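> Let me give you the structure first, and then I'll get to my questions.
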Amino acid sequence: MMDQARSAISNLFGGEPLSYTRFSLARQVDGDNSHVEMKLAVDEEENTDNNMKASVRKHRRLNGRLCFGTIAVVIFFLIGFMIGYLGYCKRTEQKDCVRLAETETGNSEIIQEENIPQSSRLYWADLKKLLSEKLDAIEFTDTIKQLSQTSREAGSQKDENLAYYIENQFRDFKLSKVWRDEHYVKIQVKGSAAQNAVTIINVNGDSDLVENPGGYVAYSKATTVSGKLIHANFGTKKDFEDLKYPVNGSLVIVRAGKITFAEKVANAQSFNAIGVLIYMDQTKFPVVEAELSLFGHAHLGTGDPYTPGFPSFNHTQFPPSQSSGLPSIPVQTISRKAAEKLFQNMETNCPPSWNTDSLCKLESSQGINVNLSVNNVLKETRILNIFGVIKGFEEPDRYIVVGAQRDAWGPGAAKSSVGTGLLLKLAQAFSDMVSRGGFKPSRSIIFASWSAGDFGAVGATEWLEGYLSSLHLKAFTYINLDKVVLGTRNFKVSASPLLYTLIEKTMQDVRHPIDGKPLYRDSNWISKVEDLSLDNAAFPFLAYSGIPAVSFWFCENEDYPYLDTNLDTYEKLIQKVPQLNKMVRAAAEVAGQFIIKLTHDIELNLDYDMYNNKILSFVKELNQFRADIKAMGLSLQWLYSARGDFFRATSRLTTDFHNAEKTNRFVVREINNRIMKVEYHFLSPYVSPRESPFRHIFWGSGSHTLTALVENLKLRQKNSSAFNETLFRNQLALATWTIQGVANALSGDIWDIDNEF
């Protein structure tokens, strides 16, 4: 074929043969790959001895041949291309005809596949009904009874066995992934060599043993002290301030309740008491058994107090350290019977305003001292946290965490069995809703079983400390299931303001299982929301990690009397709450609706506008001290500006969401990311997480909080010598900048920030 082409070209140009025509399509050095290079090699036998005139004629003839040769080659190339293209089209047309014929003859499989109806997206009404149906089919009390059979102190073999049981249950539920997380922590237990003891020393120096208590207070200082005994009511700061007797160098006895053991001990220590005894009075805790033992812990914080601010993983090389929240004085729980024996050696009746037992006395009789000996020992133990996840269908890297404490000192029916049983049943129900009910959560749901909750949310806090960077802008809500049923009369809640709107909608949807009325009964319910306490596992999520958290429970007007005792049994719980199954089901419906709304809706159900009210309340409180602030040469103008910028940022975010194209996942995700930043950026960036782990300026603890700022300012009027002006100046400046930082984060990108600061 090449010979024929060469012959044709030769004839075209007057029969003069050319050796070859070569095209080079290689990429040139300058990057132009569209250049076509054509080279003509002439016969080497040409006579090179021609004169100048013949040479000129030959070059002209060669240029003409080059031009005509180029045209000929292009024509041949186009003819070949057209022939090939027409042949390809013919084959394609034949194949299309075959396909058309197959379709016309009725290819039933293809038609059937095209006509499969697509499953429609489930909406809120559908999901609410689906959840209710799943919960109706569950018997909760059998699981609670099973879990309450034995004591399961953190790190014990029984605690570990229960962890493996929960892990296997998660696997049986076919969750997307199940895993465990282990930590090596230090907890305090009663010493085996010597018992803890409370003794009365009379005027003659003789001792009379009051009790070797069955319970104890973890993280108490192990020592022996002796001194006068003074009653300090509940041991609140105000109770100590109202005492007519100085507690300096004395032991104090306080009633259980109202605040945590750790706060009672910290207050006593701040007033220079040398030791603390804690008991349950019959007025507040109407327990028949006067010798009932009580358990608690005295760490003013959460997590392992010997690895503050960092996780307790095995073989970590952190230097020895301990939390500043550990007490430097001994503390011990005693029975009501022991307290009454101590009162027999005391004088002066307790004030009627205390509303306590008639036997209550205020101070030791003349010459009578009390000796307290605590011999607790530290024990390093392995604890297991168990996790299971249902992965989201659109944003699996965004998730909520639903958790419950697993361990308990004693049977722990109300303390941890109800929560653990509820955790298991919710995991089962939601797994079934996804696999069979058509529920497709956009975001993931993590179910977590914590250990060492009795020692200050140790398991939960260590997990947060270990994975804080991984959880940032991924975990956006924590739902706590601990102690959700302690009665039937009231429904109470503690939560981040970001969740208030979600809680209100849920209370309007869920009905009380006894009277059938909605849980929402008071339009002013937000003012009655209780702050998360140190002994609540939701607290470190909010105050340490900046993750919005919620804890809720059904209860009576009085405290449940058996928590943290050996009488926290299934039988006692059923006796107090006869319709336990219905109450747990109602709690499951509350938690279930939280889960659905947080994982299903396009926009995160976090109402950032609620913090406008919190900031405004803080500004109003400071305004009461304008004269004092002005006297120091300071102004609140910058705080007003920061508050205004936050308000404008929230308004702009709301507008951005309303104007956003809801089908554009990238845009919606960007808006949700801005919402997720709100809680986190209320963590003060100006304090060390190790020195002040609870950095949240609203809900944390330390001098960086807004509460501490106001308390310091109040001292200027009450006790000017105790007021620290330098500290106040720093507090005001850093609080202002923290609020401004939240406003900036909420605004979005740096070029979107337009503030007046």
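Here the Cβ of each residue, glycine as well, is placed from N, Cα and C on the backbone.
It should be emphasised that the depicted structure is a prediction, and the values quoted were computed from it without experimental measurement.
Reproduced below are the annotations present in Swiss-Prot:
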{"type": "CARBOHYD", "residues": "THR103", "note": "O-linked glycosylation site"}
{"type": "CARBOHYD", "residues": "ASN248", "note": "N-linked glycosylation site"}
{"type": "CARBOHYD", "residues": "ASN314", "note": "N-linked glycosylation site"}
{"type": "CARBOHYD", "residues": "ASN719", "note": "N-linked glycosylation site"}
{"type": "CARBOHYD", "residues": "ASN724", "note": "N-linked glycosylation site"}
{"type": "MOD_RES", "residues": "THR21", "note": "phosphothreonine"}
{"type": "MOTIF", "residues": "58-61", "note": "motif 'Stop-transfer sequence'"}
{"type": "TOPO_DOM", "residues": "89-757", "note": "topological domain 'Extracellular'"}
{"type": "TRANSMEM", "residues": "68-88", "note": "transmembrane segment"}
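For each feature listed, report its degree of burial, its nearest neighbours and the pertinent distances within the displayed model.
For the recorded site, ASN248 (N-linked glycosylation site), the DSSP three-state label reads coil. Its Cβ taken as reference, ASN248 (N-linked glycosylation site) is surrounded by 10 other Cβ atoms within 10 Å in the chains shown.
Non-local neighbourhood of ASN719 (N-linked glycosylation site): empty, since no residue in the same chain at least six residues away has a C-beta under 8 Å from its C-beta. According to its DSSP assignment, ASN719 (N-linked glycosylation site) is coil.
Non-local contacts of ASN724 (N-linked glycosylation site) by the CB criterion (under 8 A, 6+ apart in sequence, same chain) comprise ASN712, LEU715. ASN724 (N-linked glycosylation site) carries neither a helix nor a strand DSSP state and counts as coil.
On the 0 to 100 pLDDT scale, the motif 'Stop-transfer sequence' (58-61) averages 48 in the predicted structure.
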